Amino acid sequence: MTRTLELLGVFFSLVACLCSLVTLMIPQWLTLSTELLPTESFQLGLWEACVVQDLGMTECLPYNTLLGLPSDIRLARILMCTAVATGLIGLLLAIPGINLVNSCRRTESFKAKRTLKMLGGIFSIVAGVLGLVPVSYVAHLTVLRFFDESVPSVVPRWEFGDALFLGWTAGFLHLVAGFLMVTSCLFMQDERCSLHQSVALYRAQMTRTERSPRARTEYV
């Protein structure tokens, strides 16, 4: 039970980190298409704006300034970078804490592994929240601007891009991964090496080593 939960948690955390990184990098946060230019569409991301033509050609222009960006783009960029970093830290902390890393554990090792896995789950949950906030905020502003009655209907409106749906998926997977890791810590049992068995085994090995030369002498 414990190994299944922690392995699923690590797997979901890895997939969530990859999805968060892709969400951060791709420019398909918002898309725009107009009837005046049916052969072209526009894409808006956190780092650049792109023009996509029907022939498959894409031309992107990175942002030249940070202070001149809209507040939602600046906030999304900061939170998504923080979410990616937090998710990676959580994954790196959780991997040494799973049961498959070491076969024999003492009491100190058990507590350390449990602490690492618990921290990995907490960091994963925090990464999920940090990833869901900017995606949901940008989506909320997009909906408000799309149904803004003060803007004429002939003016094109921005719509959801693929990055928003990928960001929601990454945030949800981070939350699931963190929940699985924390839950696996609750079912984790203290499997420690028995000191008496280790001493008895050591004495038996020493006895065999001492007897082996005598046995050879008596045989000769």
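Heads up, the Cβ atoms here are built off N, Cα and C, so glycines get one too.
In TrEMBL, annotation is done automatically, which means it is predicted and not curated.
Noted in TrEMBL for the protein shown:
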type	residues	note
TRANSMEM	7-30	transmembrane segment
TRANSMEM	75-101	transmembrane segment
TRANSMEM	122-143	transmembrane segment
TRANSMEM	163-188	transmembrane segment
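Within its own chain, the transmembrane segment (75-101) has Cβ neighbours under 8 Å at 2-3, 6-7, 9-10, 13-14, 16-17, 20-21, 23-24, 29, 46-47, 69, 113-124, 126-128, 130-131, 133-135, 137-138, 167, 170-171, 174, 177-178, 181, 188, counting only residues six or more beyond its boundaries. Sequence-distant contacts of the transmembrane segment (7-30) (same chain, at least 6 residues past either end, Cβ-Cβ under 8 Å): 43-50, 60, 76, 80-81, 83-84, 87-88, 90-91, 94-95, 98, 100, 120-121, 124, 127-128, 131, 135, 138, 142, 158-164, 166-167, 169-171, 173-174, 176-181, 184. Residues 9, 13, 16, 20, 23, 29-30, 72, 75-77, 79-80, 82-84, 86-87, 89-91, 93-94, 158-160, 163-164, 167-168, 170-175, 177-179, 181-182 of the same chain, all 6+ positions outside the transmembrane segment (122-143), place their C-beta atoms under 8 angstroms from a C-beta of that stretch.
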